[in-house]
Amino acid sequence: MSEGPPPAADGAVRRRRRRWAAAAGALLVALLAVALSYRGFPSISSLSRGGGCGCPGARKYTGMVEDCCCDYETVDAINEEVLNPILQDLVALPFFRYFKVKLWCDCPFWPDDGMCRLRDCSVCECPDNEFPEPFKKPYSGLSPENMICQEGKPEATVDRTLDTKVFKGWVETDNPWTSDDETDNAEMTYVNLQLNPERYTGYTGDSARRIWDAIYKENCPKYPSEDMCQEKKALYKLISGLHSSISVHIAYDYLLDESANLWGHNLSLLHDRVLKYPERVENLYFTYLFVLRAVTKAADYLEQAEYNTGNPEEDLKTQSLVRQLLYNHKLRSACPLPFDEAKLWQGENGPELKQEIQKQFRNISAIMDCVGCEKCRLWGKLQVLGLGTALKILFSVDGENNLNQQFQLQRNEVIALVNLLNRLSESVKFVHETGSSSQEIIKQQSFSTLQKGAS
């Protein structure tokens, strides 16, 4: 018979056994907590289309995108194969690289107390000799009084086409859907978007939270299931989709280690803010298709537009890529009508409803002046202007139902529209690529936490 280990060794064994028992107990508690938290969430099938409850784990999005005319599989395939590569090249060219913006404005709603923690919050403005010379010249073209409206024909509530000869030169005009005075050039400055990427800036806390609270609670209340009309539901989904896209870009380009200036993907943030909420992913796809529809509807106008920056080679490349974007046969055959705008503003209350929603969106636009982070304000203003331009294209008769209003775009609106489409395209691509691994993210986080607890 063995005499067993000496007393010292026996004590060491007992101590190891106690540590393993403690670790096993911690593991059991953690697993029970995870199981209970999973039970606390409704299953995906039980979520209403407008529900906001989170659902952890991976989800495969399939079938038609709600309120749109394309399915998830087609969107993912066309975006990755066709649209994203074109848009990536397009926004890097001089015409779409420089955006005119009013960065310094007083917040019309509350005193600005937002502070950014990182130097990455600031915007590098362009010196006068950097941005294209043609951008400095006055706008030319016919006055609005000399143009004939192509929309608002009395025989059709919504005309899905635009006149094939609509482009008469860049004009200077305000967008009825946004609040900024785009004609006030003295207050505007040009920014190189390639030098000021949308990414994590450290802008958090009450100031940042107040922006989104004001947008949702005061101007874009969440619709209660099916009780809200289709138009207000669409506005909510557009803002939610834009919010999701911004969160995706923060997670995509995140400061992982400030001391080492190490940037990379923060997949846990992506999961916590977007992926675990099916509604947010769905609204991202909806917003992408809505903006894509606006771009394709304005195809004749955008094809004829002058993409002049004083660099003939780059300008020809811009024109070629714009045509590829507008008339790609794969897109036209797979998803010819991304979103059907003709179903909105129907009924006798249509004009009044459009005025109401237009006012709400202008308020959302004005809230961008309250963003305390300069770079966040830049991208907020650009993307809200892009969304306002999409609304203007799809519903180009203004809120007063002015039948003599000519459809026309200013250069800055087109720049904002294409950059917004690119942002949404990048978000859809990243969500599609990483969405299936969200369950693995949870496992890695849980395992890492358990290892720290057991050590």
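From the backbone N, Cα and C atoms, a Cβ is placed for every residue, glycine too.
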Can you sort out which of Cys370, Cys376 is the disulfide partner TrEMBL gives for Cys373?
Cys376
May I ask which residues of the same chain, at least 6 positions away in sequence, place their Cβ under 8 angstroms from the Cβ of His243 (FAD binding site)?
Trp212, Arg280
What Cα-Cα separation, expressed in whole Å, is found between Cys373 (disulfide bond) and Thr201 (FAD binding site)?
8
Can you give the largest Cα to Cα distance in Å, as a whole number, for the residues Arg199, Thr201, Trp212, Ser240, His243, Arg273 that bind FAD in the record?
21
